[in-house]
Structure formats: structure tokens, C-alpha cells
Amino acid sequence: MADRAAVEELVRLQGERVRALKQQKASAEQIEEEVAKLLKLKAQLGPDEGKLKFVLKTPKGTRDYSPRQMAVREKVFAVIINCFKRHGAEVIDTPVFELKETLTGKYGEDSKLIYDLKDQGGELLSLRYDLTVPFARYLAMNKLTNIKRYHIAKDFDIAGQFDPMIPDAECLKIMCEILSSLQLGDFLIKVNDRRILDGLFAICGVPDSKFRTICSSVDKLDKVSWEEVKNEMVGEKGLAPEVADRIGEYVLQHGGVSLVEQLLQDPKLSQNKQALEGLGDLKLLFEYLTLFGIANKISFDLSLARGLDYYTGVIYEAVLLQTPARAGEEPLGVGSVAAGGRYDGLVGMFDPKGRKVPCVGLSIGVERIFSIVEQRLEALEEKVRTTETQVLVASAQKKLLEERLKLVSELWDAGIKAELLYKKNPKLLNQLQYCEEAGIPLVAIIGEQELKDGVIKLRSVANREEVDVRREDLVEEIKKRTSQPHCIC
């Protein structure tokens with residue numbers, strides 16, 4: 001046999017040749033001929049060659065979810081979806097990839113994070129980067145001008161022409177409801193307005209061509225110091241130092257409606273039309289937030305910029321707060337868990353006639369929330385139920401498989417979530433232990449005496465109490481005992 005390393009190299013080269021011919025759409029005969037050569041080369045390497053060799057891992061940036069993790073995810077999703085439905089949202093879905101031109105130029109500096117797909121049929125495609133741009137495309141394509149929708153338990157949007165700040169206030173209310181329901185800890189929602197930022201940049205002397213890139217720098221203030229942001233503006237983006245200093249006088253301010261009123265009196269900012277419109281809307285927004293009872297959760301923060309290019313008005317971001325180490329210090333933000341804003345011009349970018357559909361929405365950072373909930377459960381060492389089974393159908397004696405199968409089928413047909421062990425004659429102790437491990441609250445036990453008496457012995461796993469229930473009453477008894485939803489965490 002030839003040197004193994006040399007043959008392996010020939011196999012690799014021949015494999016590349018076969019792939020190249022397929023990409024070039026060569027004739028079937030030519031491809032078959034080269035495949036036959038490849039198989040002959042592989043045969044020289046012995047019987048193990050030809051078995052696929054690969055690394056068992058998920059692609060970079062992805063992960064699997066265990067039953068325990070999925071139980072947590074489903075609970076989080078249920079809280080979010082229930083809130084969206086409570087506010088009257090319809091659900092839609094869009095493809096996981098879009099035409100590349102649909103996504104291009106919508107995300108500013110984040111555009112470099114878009115994944116392009118290999119061209120398979122004459123169209124250049126990319127994986128969607130978010131759910132907002134596909135939603136705007138959906139509106140334009142279907143000529144919709146009014147909808148309240150949610151998407152994959154993450155995004156909620158209100159599209160349509162409405163009076164100012166009412167839909168925006170509802171989005172912030174939804175954000176508060178979800179974060180409160182998930183009990184993640186104390187949180188704060190920062191709000192700002194792109195018009196205020198643009199007006200601020202204008203009066204500080206930022207050239208129009210640098211608005212978006214400077215906006216992206218300001219957006220980093222929640223992660224790095226002002227000095228680092230200033231150095232980026234001046235050193236990397238060519239902004240004059242005195243202009244950066246003037247920006248710093250504004251963007252380091254945060255507060256409530258009193259700050260809005262203060263800036264409305266600012267001799268420079270109040271002279272800028274865009275900024276004045278944004279401040280007027282924020283003042284109205286705080287009035288509605290007060291009526292919704294959530295004004296205490298909102299902070300007007302001039303450093304909030306939201307790097308995406310499509311925002312045109314109010315923007316907001318929710319952060320979890322960490323208890324300060326020393327008394328008198330402000331709570332620290334430990335990461336964004338939700339964000340959103342108003343994007344009135346995005347749909348018009350897709351509409352052939354440029355017709356605009358005003359939109360405002362929010363996105364829940366579900367992956368970060370999942371991580372936080374998982375860490376909390378691990379720290380508390382709490383057990384998580386991974387099934388919703390209400391009852392296990394068990395037997396106390398041998399040769400009762402047929403009776404167990406009949407009973408479990410009756411329960412399934414009645415809408416009861418039920419299981420049985422896949423053994424002909426399982427030991428009762430093993431069946432009870434399975435219930436304890438899986439968190440199944442009830443056991444329906446069949447025995448010879450129970451069959452004669454027309455009853456089923458219903459056992460509570462938690463307290464081990466047993467009662468005889470007539471077979472015809474079993475479904476109602478199980479429903480009554482399991483009517484309270486069991487928390488998975």
C-alpha cells in the first residue's frame with residue numbers, strides 16, 4: 001500500500017475536485033467518474049475510511065438547550081406572550097433569511113454583524129439580524145398601514161398613524177409588566193429621543209455626515225467612561241476636541257421630567273427645531289407614564305443613543321440594577337434586557353411610492369434573560385420540572401399492562417397529561433420513584449382489587465395519601481387536584 005499520508009492527501013484533493021465540479025454544474029457523467037476515483041482512493045485507506053470524521057460541536061454563536069433549559073425558556077416565553085396578547089397583539093412570522101438588499105444600510109455600524117448566505121439560486125441572501133426590518137418589509141409588501149403584532153415572543157410593534165406618544169407609552173408599560181412578572185430584580189428604563197440627540201449634535205458643531213457615527217460612540221457610555229468615548233470621537237472619528245467637550249456637557253445628564261423641562265429652557269437646545277419637538281414629545285410621554293403608574297421606573301438619559309440607523313424618535317432601553325456596594329451610591333446597571341423605539345421612516349424605504357407608516361416597538365432580550373434565570377436557579381439549587389405530566393398510570397401487581405394501556409388511553413382522550421412506564425411488569429416502587437424524580441404529582445394505581453371494585457387508587461406523591469376514586473370520576477378528580485399550574489422554577 002502507498003504511504004498513508006500521501007493517499008490521504010490524494011483523497012482530500014480528489015474530494016475538492018468533486019465539490020468544484022458540482023459547483024460548476026458539470027455533467028452527471030463527469031461527476032460520477034470523479035466520485036468513482038474518490039471511492040477507489042478511500043478504499044486504499046481501509047474499512048474505517050469513508051466514515052465521516054467531524055468534531056461534535058454546535059456552530060460558533062449557537063447552543064443546544066437541555067430539557068431543563070427549555071422548561072425555563074418556555075416559562076419566560078409564556079410570560080412575554082401572555083403580556084403581548086393582553087395588549088391586543090396579533091402574531092406574525094417572517095423567513096429567517098431575507099434578500100441581502102432588504103437588510104443592507106439599515107443597521108449602521110452593526111451591519112458588519114450580518115451573516116451572508118451562499119447564493120443557491122440567483123438571489124443574494126442574508127440571515128435576518130433582527131425582527132424589525134423584516135416587519136417593515138412585511139408591512140410594505142402587504143400594503144398594511146395599521147397593525148399591532150408580536151413575533152417569536154421577542155418583539156412587539158404598533159404600526160399606524162396615531163396621536164403622539166400613546167403607543168410609545170404603551171410599549172414602555174409592556175416592558176415594565178414583563179420585567180416585573182419575570183421577577184429578575186430591580187430595573188430601570190432609560191429613554192431619549194433621536195431628534196434630541198441630532199439637535200444636540202447640531203448645536204455642538206458635529207458635521208451632518210458624522211451624526212450617526214458619533215451617535216454610535218455616545219451609545220457606548222453605559223459600558224465605558226466618557227474619556228474613552230471622547231478619545232474615540234476625536235482620535236478615531238476625527239471630531240474636534242472642543243466639539244466633543246460640548247457634547248459631554250449634555251450627554252452625561254440624566255433625570256426625570258424635570259430634566260426635560262430644564263432642557264426646554266436651554267438657550268441653545270431650545271432653538272433647535274428637532275430637539276424642541278423631541279423634548280415636547282418626551283414631556284407628553286412622561287404625563288402618560290405617570291398615568292400608567294410607571295414614571296418611577298423611567299429615566300431620561302441623554303447618553304442613550306441606540307446604534308441602529310432606523311430610529312427616528314423616542315428610544316428606550318431597560319437595564320437591570322445591581323444593589324450598590326456602599327450606601328449613598330447609585331444602583332449600577334448590569335446589562336440591557338429590553339430595548340426599542342420609534343422608527344417612522346423604515347417602511348417607506350421599502351414602499352415603491354415611499355409611503356411612510358409610523359411604527360414604534362420593543363424587543364425583549366430573551367437570551368440574556370434566560371441566562372439570568374438559569375444562574376438564579378442554579379444558585380438556589382431549585383428543581384425545575386421538565387414535563388407537565390399530571391399523573392402516572394401504575395400497577396401494583398403483575399400482568400396488568402393491558403389495563404394500564406386502556407386507562408392511560410382514556411386519560412389522554414380526556415385531555416389529561418399522563419404517562420406509564422414502558423415495562424410489562426414494573427415494580428411499584430420503581431414507578432413511585434419515577435414520579436418523585438420527574439415531579440409528577442399524582443399516581444393512578446391499578447390493582448386486582450381495584451378492578452373488581454371499579455375504582456382507581458389515586459396517590460398524592462407529595463404527601464403519599466391515597467384515596468379510591470370511581471373510574472368514571474377519575475378525570476374530574478385529576479383535573480381538580482392539578483388545576484393550579486405548577487411553577488417550573
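Positions of Cβ are set from backbone N, Cα and C atoms, glycine also.
TrEMBL annotations: computationally assigned, not manually curated.
Per TrEMBL, the feature L-histidine binding site maps to Asp130, Leu131, Thr132, Asp157, Arg306, Tyr310, Tyr311. According to TrEMBL, the feature coiled coil maps to 370-397. Annotation comment: TrEMBL describes 3-59 as domain 'WHEP-TRS'.
Within the same chain, residues at least 6 positions away in sequence whose Cβ sits under 8 Å from that of Asp157 (L-histidine binding site) are Thr132, Phe135, Ile147, Lys148, Arg149, Tyr150, His151, Cys359, Val360, Gly361, Leu362. Taking the mean position of the Cβ atoms of Asp130, Leu131, Thr132, Asp157, Arg306, Tyr310, Tyr311 as the L-histidine site, the remaining same-chain residues with a Cβ inside 8 Å of that point are Val133, Leu308, Gly340, Gly341, Tyr343, Leu346, Gly361, Ser363.
Between the binding-site residues Tyr310, Tyr311, the minimum number of other C-beta atoms within 10 Å of a residue's C-beta occurs at Tyr310. Of all residue pairs in the L-histidine-binding list (Asp130, Leu131, Thr132, Asp157, Arg306, Tyr310, Tyr311), the one with the greatest Cα separation is 17 Å apart.
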